[in-house]
Amino acid sequence: MGKNLSLRQDDAQHALSANTSSAYNSVYDFLRYHDRGDGLTVNGKTSYSIDQAAAQITRENVSWNGTNVFGKSANLTFKFLQSVSSIPSGDTGFVKFNAEQIEQAKLSLQSWSDVANLTFTEVTGNKSANITFGNYTRDASGNLDYGTQAYAYYPGNYQGAGSSWYNYNQSNIRNPGSEEYGRQTFTHEIGHALGLAHPGEYNAGEGDPSYNDAVYAEDSYQFSIMSYWGENETGADYNGHYGGAPMIDDIAAIQRLYGANMTTRTGDSVYGFNSNTDRDFYTATDSSKALIFSVWDAGGTDTFDFSGYSNNQRINLNEGSFSDVGGLKGNVSIAHGVTIENAIGGSGNDILVGNSADNILQGGAGNDVLYGGAGADTLYGGAGRDTFVYGSGQDSTVAAYDWIADFQKGIDKIDLSAFRNEGQLSFVQDQFTGKGQEVMLQWDAANSITNLWLHEAGHSSVDFLVRIVGQAAQSDIIV
């Protein structure tokens, strides 16, 4: 599925105007958060789509299946070296991996096999391996090396292919479990050993590269763990934290080489609080946890649970989108081809945006804005003054209508301001006149349900319906 387009975002005549409310405008803006590709220019650079970025990151066209072989699975071996006669680069001062490094490297390997058709089997002793791990401490001249971080070699049939090397003088390399940058480094170097390149033509130790050298706009940690450049270059903010698993463009890139792993999390998965994923980067146990991830999920009915945060959050369930979670910006994304059905906000003033699936959105405490989009959605505002936004007749049809499950009369609002662009809306009491742009509230006292109907201009029949648990008044509707 693509991004939810029912909020009139593809129609110039429905651009933001004085006709639409601040709640509608906040959703409209959020749906354009990190728009990419399609000829856009961002930061003075060409913007790449996910597929374009994946092609760029795999431009060497090498994998463990050979050259120019795409979408083919691979069963690989890995090894933690115990001793070496030499290091391919000429560096010296070999040190074998410590227990903490081994643990973190295995988690990095797991994060790659979660998203692509890769299996990793550890070997020991004299057995050779596709991917190897070792530390160094000195450069080729025997001097202590404090400048470099790590490096790795692409797949192939040459001496050193698939080997990865880490500077043991760096504290985040020696203790990667306590310093997020160490885990990020392991995942980055394993990416190279699997065939992924940097998004641009740069390398450590070659001049003084910067984001100015980026080939395309989305070359940052926000989009790729293979990047050199901080997430702030593309408008995100991780507040000094680092991601430790493949990001949205990395997932597309590694799947281009080895195919997508369609056995990963096929059940009902929860990401964030109350997570059942058994992955540390998908799991929050308290509000201090900085979640930085791109989700890959192969099936089931899945939930983003960000209920433990008190920050104002923006949560978008559309594939390819980014969310602002737990006080960070642009820190959670959804990989291409993934459907997340449900979202739970926290106690701040949140914006929740659904996709074309039948979503369950729960705002929680705070003054929240909920937009379900297409599909038959169930919306819970929770405590606070909440606004339920509708952008077009496609958002809640007679055949697939939304439920607003906890509406508070006189407190919550239902926002129909987007429909003003077709002409001023007016209320009718018992039946429509046929003129269009008419709204009718129908109270079902026996079941304590309000039916909200809307007949749009230019439509031969009434095809917009929202069902509301509880009674709503005309003053609760923004028209």
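Cβ coordinates come from backbone N, Cα and C, glycine included.
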Among ASP358, ASP412, ASP415, Swiss-Prot assigns to the Ca(2+) 7 site of GLY382, GLY384, ASP386 just ASP412
For the Zn(2+) site that Swiss-Prot gives as HIS188, HIS192, the extra residue out of TYR136, TYR146, TYR228, TYR238 is TYR228
In this structure, the one of the binding-site residues GLY299, GLY348, GLY373, GLY384 whose CB has the fewest other CB atoms within 10 Å is GLY299
Here the Cα-Cα span from GLU189 (active site) to GLY382 (Ca(2+) 7 binding site), rounded to a whole number of angstrom, reaches 44
CB neighbours within 10 A of ASP297 (Ca(2+) 1 binding site), counting all protein chains shown, number 22
Taking all protein chains shown into account, the Cβ-based neighbour count within 10 Å for GLU189 (active site) is 24
For GLY299 (Ca(2+) 1 binding site), the spatially nearest of the binding-site residues HIS188, GLY348, ASN359, ASP395, ASP402, using Cα atoms, is ASN359
Students should find that the Cα atoms of ASP302 (Ca(2+) 1 binding site) and HIS192 (Zn(2+) binding site) sit apart, in Å rounded to an integer, by 31
